[in-house]
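Database features (Swiss-Prot):
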- CYS3-CYS19: disulfide bond (DISULFID)
- CYS6-CYS24: disulfide bond (DISULFID)
- CYS10-CYS26: disulfide bond (DISULFID)
Amino acid sequence: VGCEECPMHCKGKNAVPTCDNGVCNCNA
């Protein structure tokens with residue numbers, strides 16, 4: 001998942017979307 005889709009990708013998972021080197025991470 002790219003950075004642009006990260007917030008939507010992490011939505012509903014009660015996580016904070018972060019982006020490192022173009023990689024989306026959903027951090028609780």
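Backbone N, Cα and C define each Cβ position, glycine as well.
CYS26 (disulfide bond) has CYS6, CYS19 nearby among the disulfide-bonded residues CYS3, CYS6, CYS19, counting only those with a Cα within 10 angstroms of its own Cα. The secondary structure of CYS24 (disulfide bond), as reduced to three states from DSSP, is extended strand. For CYS6 (disulfide bond), the count of additional Cβ atoms within 10 Å of its Cβ stands at 17 [all protein chains shown]. When the Cα atoms are compared, CYS24 (disulfide bond) and CYS10 (disulfide bond) turn out to be 9 Å apart.
If you take the Cα of CYS19 (disulfide bond) and the Cα of CYS10 (disulfide bond), they are about 11 angstrom apart, rounded to a whole number.
For the pair formed by CYS3 (disulfide bond) and CYS10 (disulfide bond), distance between Cα atoms is given as 11 Å, rounded to the nearest Å. Counting every protein chain shown, the Cβ of CYS24 (disulfide bond) has 18 other Cβ atoms within 10 Å. Looking only at the disulfide-bonded residues CYS3, CYS10, CYS19, the densest Cβ neighbourhood within 10 Å occurs at CYS10.
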